[in-house]
Amino acid sequence: MAERAALEELVRLQGERVRGLKQQKASAEQIEEEVAKLLKLKAQLGPDEGKQKFVLKTPKGTRDYSPRQMAVREKVFDVIISCFKRHGAEVIDTPVFELKETLTGKYGEDSKLIYDLKDQGGELLSLRYDLTVPFARYLAMNKLTNIKRYHIAKVYRRDNPAMTRGRYREFYQCDFDIAGQFDPMIPDAECLKIMCEILSSLQIGDFLVKVNDRRILDGMFAICGVPDSKFRTICSSVDKLDKVSWEEVKNEMVGEKGLAPEVADRIGDYVQQHGGVSLVEQLLQDPELSQNKQALEGLGDLKLLFEYLILLGIADKISFDLSLARGLDYYTGVIYEAVLLQSPAQAGEEPLGVGSVAAGGRYDGLVGMFDPKGRKVPCVGLSIGVERIFSIVEQRLEAELLYKKNPKLLNQLQYCEEAGIPLVAIIGEQELKDGVIKLRSVASREEVDIRREDLVEEIKRRTSEPLCTC
Amino acid sequence: MWGKGGRLVERRTAGWIEEEVAKLLKLKAQLGPDEGKQKFVLKTPKGTRDYSPRQMAVREKVFDVIISCFKRHGAEVIDTPVFELKETLTGKYGEDSKLIYDLKDQGGELLSLRYDLTVPFARYLAMNKLTNIKRYHIAKVYRRDNPAMTRGRYREFYQCDFDIAGQFDPMIPDAECLKIMCEILSSLQIGDFLVKVNDRRILDGMFAICGVPDSKFRTICSSVDKLDKVSWEEVKNEMVGEKGLAPEVADRIGDYVQQHGGVSLVEQLLQDPELSQNKQALEGLGDLKLLFEYLILLGIADKISFDLSLARGLDYYTGVIYEAVLLQSPAQAGEEPLGVGSVAAGGRYDGLVGMFDPKGRKVPCVGLSIGVERIFSIVEQRLEALEEKVRTTETQVLVASAQKKLLEERLKLVSELWDAGIKAELLYKKNPKLLNQLQYCEEAGIPLVAIIGEQELKDGVIKLRSVASREEVDIRREDLVEEIKRRTSEPLCTC
């Protein structure tokens with residue numbers, strides 16, 4: 001017994017050592033070595049069969065949804081789903097795990113955040129990291145050339161909680177995507193319309209949708225003189241402009257990432273700009289940018305996009321923002337991100353960055369990676385960051401809750417109040433003899449005798465009234 | 001080597017081939033690891049599947065029926081994570097534990113995918129120190145079934161669970177569970193069904209008085225359970241021949257387990273000279289008698305059969321157990337998580353939550369689980385047989401144009417319709433042909449088309465066309481939303 005206790009202590013210490021190394025961002029080899037030692041110690045402990053531990057927690061980064069949280073979730077999903085349906089989307093579902101190969105090579109540096117399943121002698125599996133790669137796999141597998149679909153499901157990421165406090169490892173995504181070869185920018189415009197409809201209907205405050213284009217960024221970096229090899233890392237610096245000042249961003253690019261100061265300055269002239277369609281027109285006239293073929297393509301598409309957004313009545317919510325650079329891994333054209341304008345302080349999942357509640361863009365090359373002949377299926381889509389929205393809606397509801405207590409009420413009446421049940425059908429001996437049921441309104445406390453055979457009708461009548469004046 | 005006419009002549013020897021293969025491998029090695037090598041994996045993992053839009057439409061129909069029944073009975077809903085700490089699931093599933101999916105040890109907590117929704121429920125109750133709740137939970141569960149043994153078995157499949165936890169007066173919640181089961185199976189219209197009921201204590205008592213050794217209890221149980229699939233002769237042979245049970249004991253068991261009936265059988269057994277001597281059996285019989293009284297009041301007694309051969313899945317059940325079977329068994333391939341013909345099951349399990357509570361505090365529970373995968377296939381087949389067209393979208397109107405250069409007008413109109421809450425679409429083409437637009441409607445089942453034309457624009461009208469009847473009528477633009485709503489709200493949608 002003592003031997004086992006000592007072994008358990010060693011496991012605990014080694015586990016802490018591993019955690020410490022990860023926090024300090026020690027080298028991968030060093031971490032691997034210590035993890036191997038940990039696994040060896042654990043193996044000595046033997047299987048945990050039969051030993052009852054009182055594990056009363058969900059795994060790190062995951063949570064249960066209580067009935068109250070489910071009510072919030074259902075409200076939010078109802079709004080989102082009815083919008084997707086209003087736009088004629090079909091719905092699909094995919095398994096929670098994919099073959100490991102399916103996910104390999106799709107997420108760049110983020111690949112280390114994927115949950116793998118244990119090799120139990122069969123196929124190597126991993127939990128899905130998003131809903132986009134499964135969608136591309138679904139399209140290629142079924143040889144589909146066009147579809148408009150939504151998919152609401154949980155995804156899994158082994159985020160390091162030390163770096164990103166409050167981050168969930170299991171969280172919902174609500175994706176809507178249009179796949180297919182169509183006339184330019186019409187589906188892209190509809191995606192933005194959907195984003196605006198959903199965020200308006202949810203009533204979580206004013207919002208703004210930032211729009212940019214991968215090709216404009218590429219072109220802009222090229223004419224500013226950013227070396228190709230630094231493209232991605234400069235991108236992620238620029239992306240921080242929504243959180244920190246230009247000074248800080250410039251310092252990072254020049255000081256940490258080795259960019260020439262003049263190049264940084266040239267970038268600064270562009271990326272601090274944002275505006276409406278007039279900014280697009282202005283840049284189309286820009287002497288340098290207009291020489292770059294890629295940037296011209298991007299600007300041309302954005303011009304067309306803005307024309308459609310005006311017709312769809314949402315142009316006032318859209319801002320062309322040259323600093324929007326995030327998550328460019330598989331995007332090939334327009335990219336967008338919706339942010340709330342008032343940022344209520346809250347703890348909770350922020351999968352899309354500070355203040356961001358939805359994002360998306362065009363990704364024309366992903367499905368081709370799954371097709372044996374490399375056949376491309378152009379796609380554009382959006383993802384709603386619902387976890388953030390759940391917290392906002394939950395807080396809003398908490399503020400509206402009123403508690404009433406009346407010690408004279410019977411337990412049954414109190415149960416009704418707590419559960420929000422509007423009516424009580426009270427059976428009494430005298431009423432049974434008289435062939436009636438006493439129907440009481442919980443809200444008004446009025447009681448009236450209803451004939452038993454009329455009861456169903458009366459209840460239906462009262463509960464179908466619009467404001468349910470029961 | 002060079003031959004006549006300057007053509008290269010190759011001498012193929014084994015040694016030469018080997019040499020060239022070695023060069024090939026060397027070259028490949030220089031390419032480095034498989035990083036850039038795209039393998040075209042176009043499949044879902046074994047035992048799992050995607051749900052196409054059509055399958056989702058079936059699934060939504062079925063869930064609507066089930067959820068509205070659960071809600072009608074006042075159940076709250078919860079959700080739990082897809083994986084639990086491995087320790088949470090350890091020691092709860094007996095032999096089936098080898099079917100649990102583990103996650104790879106990546107240096108953190110050891111995790112496993114949930115195997116059912118009952119153990120997470122017990123963990124949830126203990127964790128939140130709840131003493132009573134009525135909840136439903138619909139979610140996928142994961143089992144590494146061996147496909148060679150159980151053909152067509154899914155490894156990822158839905159369960160719909162409803163449970164009542166709490167210390168209440170006997171058999172009332174148990175009766176409500178059976179009422180719910182009957183309501184759901186009736187509403188789904190998948191054919192006639194029967195609910196078999198038994199009790200763990202009756203089985204225990206019966207085996208005891210028949211002379212089954214305690215150590216053989218579980219294995220004899222699983223033999224008896226096969227009576228719904230095979231004959232008594234076969235079951236007896238297995239018990240005596242394979243499991244070493246004395247033949248007289250087997251015969252005594254046979255006298256009991258081949259019986260089934262209504263409340264009269266309960267009364268009969270209460271009078272049984274041997275069974276009535278067994279305390280456990282008496283308890284079980286007493287509860288079943290009370291249960292039947294309630295089932296009569298709830299109007300479902302005619303669907304319930306007290307069946308002494310019902311023995312399945314007894315791991316954590318402590319009292320009443322039940323299983324619903326369809327009476328016509330349509331032949332189909334597909335998931336059969338609850339056994340041949342079984343579409344729902346459940347029972348009372350009073351000891352599970354106590355296993356999670358540090359003080360061992362018990363919270364009695366009773367519940368049921370609907371085997372929806374089987375129901376999905378049945379409903380899907382039924383729809384196919386009826387040749388009913390299942391729509392996968394709810395679009396009410398397609399905004400179309402017959403002439404060119406009207407994309408702007410289409411975008412304006414579709415936006416108006418969306419803002420008014422109308423379900424509408426438009427083709428993503430600047431100048432689509434009217435025929436293509438009409439064909440799109442036919443394929444998707446969209447009932448109406450709002451056609452924009454230059455003349456109509458001048459006149460301030462939209463041409464509203466019924467896809468089914470092909471009739472067209474001019475509607476004033478300001479009346480269009482109203483007209484669409486009116487037509488699409490009619491019961492038979494005679495658009």
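Cβ coordinates are placed from backbone N, Cα and C, and glycine is handled just like the others.
Database features (TrEMBL):
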type	residues	note
DOMAIN	A:3-59	domain 'WHEP-TRS'
DOMAIN	A:37-407	domain 'Aminoacyl-transfer RNA synthetases class-II family profile'
BINDING	A:D130, A:L131, A:T132, A:R157, A:Q173, A:D177, A:R326, A:Y330, A:Y331	L-histidine binding site
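Across the domain 'WHEP-TRS' (A:3-59), the DSSP tally of helix, strand and coil residues reads 39 helix, 0 strand, 18 coil.
Look at A:T132 (L-histidine binding site): DSSP puts it in a helix. Each of the binding-site residues A:T132, A:Q173 was ranked by the number of other C-beta atoms within 10 Å, and first place falls to A:T132. Cβ neighbours within 10 Å of A:D130 (L-histidine binding site), excluding its own Cβ and spanning all shown chains: 18. The maximal spread of the L-histidine binding site, taken as the longest Cα to Cα distance among A:D130, A:L131, A:T132, A:R157, A:Q173, A:D177, A:R326, A:Y330, A:Y331, is 22 Å. Around the Cβ of A:Y331 (L-histidine binding site), the number of neighbouring Cβ atoms within 10 Å comes to 23. Within 10 Å of the C-beta of A:R326 (L-histidine binding site) there are 22 other C-beta atoms, taking all protein chains into account. DSSP assigns A:Q173 (L-histidine binding site) to a strand.
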